[in-house]
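Below is one structure, written out as structure tokens; comments come after it.
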Amino acid sequence: MTKSALQIARAAYQPKLPKALTGAVVAKEGEPTQSVADQEEIKKLFPNTYGMPLIQFVEGEAKEFAPMNVGVILSGGQAPGGHNVISGLFDGIKKLNPANKLYGFILGPGGLVDHNYMELTADIIDEYRNTGGFDIIGSGRTKLEKEEQFEKGYEILKELGIKALVIIGGDDSNTNACVLAEYYAAKNYGVQVIGCPKTIDGDLKNDMIETSFGFDTACKTYSEVIGNIERDCNSARKYWHFIKLMGRSASHIALECALQTQPNICIISEEVEAKNMSLDDIVTYIAQVVADRAAAGNNFGTVLIPEGLIEFIPAMKRLIAELNDFLAANGEEFNSIKRSKQRDYIISKLSPENAAIYASLPEGVARQLSLDRDPHGNVQVSLIETEKLLSEMVATKLAAWKEEGKFVGKFAAQHHFFGYEGRCAAPSNFDADYCYSLGYTASMLIANGKTGYMSSVRNTTAPAAEWIAGGVPITMMMNMERRHGEMKPVIQKALVKLDGAPFKAFAAVRDTWAKETAYVYPGPIQYFGPTEVCDQPTKTLQYEQAK
Ligand code: FBP
């Protein structure tokens, strides 16, 4: 396989570990823990894994460990650094005992259920150190939640002599890891299950997990390109760029990219919901910034839009819910109607409030809302081109304002969607070190007989040597939430906190950024060079951890 010069140079990079992990360690146990909410229910559901203490690894005496085999799974969307979690895990278990073996299950949790696996040897691991992607074993979105899947999984774990399974995933995958840990513990199967916090979305974090891996690299990758667009924008001075950013429900990515690049506008979904804003409120806000900049002779700008925005606009949420129900019950009749009449048909059937909103939407978006359903009958909101929806509606509003003399200027838009561009980028130094440390820590949790824990590395705004490695009982992060009509124990998803330091820092300066052209051009991720260029954590972490 031909390798790029950077790939060859990066292969030699030795990720940094917290100082405590560089020699033999001992697990220091803290006080027993509780779940973040619904303690009684969670305790009942996880009798074997509830209430366990926090673990911190500190320097200790070297011990001998009997040989063991370990399995690893990559679950869900790709996030930069996954290969380093696996190489950290590999190096950790080999250090415990060189006879230990690591098996990777292919294409996500489905590989465990279908007994699709490969042994990860030193040669294979070396090919993937410090590289982006999940291609070493592939990833998948199969949910591990049914007893028969747990049993099928156990069959292959037993056959391969696997004593512990590491699941690298987001909040849902780690919830499932915890359910699996509890199940295997209850059955006395002797298989430990350890989770690792992955997702570019940044929404798997709490008091104990400072950040999910991949967020750092993905945001830096998007910020590079946003900065390039801003510079283009400020050179030609004739376009408004509408940029949608991945991140699922949470707006962490949009907020972090805004803090890095200082665009004219960044919409934060959590704020839209908290202020009960309508689509028209958002459009009016953007149009006003456009008009004010035009009045100052600036017919250009940059707008960041989080992927999940539409679901956070309360009125849109209600419209989507009614459409889901209506089309589930009347899909056949709807499909038998001529395409040109479908829009009017829907308008005639919806409640007056939702009909009015539906009628106000541009043709294309209205169509997407009524056509694209996932297998559960829901609108696939991520497919809705929110960036185009907003720019079209802004254009319409500005045209009306022009007639009234409220807008004197030009408005021309360009659209972008950044997501896949960042998910497999070569990990930044931060992610390379963080992920390697997470994987290595997972091996120490296994060696210490732990199950139902998530690998945790804290104090991440300090140099890596000072990071604190340990484990957090996954039950500690759980609460009860309604999923598919049933109350289920799940890890609480972290949305942007409006009283949190990163949002407050943004809110304090956004009006200035709207008026002035205050763009910052972060440039590409740097792997070699001065530490202030190469080793900075995200602004989000810096604001959150600022004492
Ligand atoms: P997870 O880490 O939660 O799996 O999601 C990451 C993500 O990139 C989201 O930002 C995005 O909405 C989703 O995956 C898209 O996934 P897919 O390509 O499978 O549709």
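Cβ coordinates come from backbone N, Cα and C, glycine included.
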For the substrate site that TrEMBL describes with THR199, ILE200, ASP201, LYS238, TYR239, MET246, GLY247, ARG248, TYR420, GLU421, GLY422, ARG423, which of these is also annotated: GLU307, GLU311, GLU363, GLU481?
GLU307
Three-class DSSP secondary structure - LYS198 (site 'Important for catalytic activity'):
strand
Please report the distance from the Cα of GLU307 (substrate binding site) to the Cα of LYS198 (site 'Important for catalytic activity'), rounded to the nearest angstrom.
19
Which binding-site residues out of ASP171, TYR239, GLU421 lie by ligand 1, going by a Cβ under 6 Å?
none
Would you mind checking how many other C-beta atoms are within 10 angstroms of the C-beta on ASP201 (substrate binding site)?
28
Test of understanding: give the count of other CB atoms lying within 10 angstroms of the CB of LYS198 (site 'Important for catalytic activity').
32
In this predicted model, what is the average pLDDT of the domain 'Phosphofructokinase' (69-314)?
97
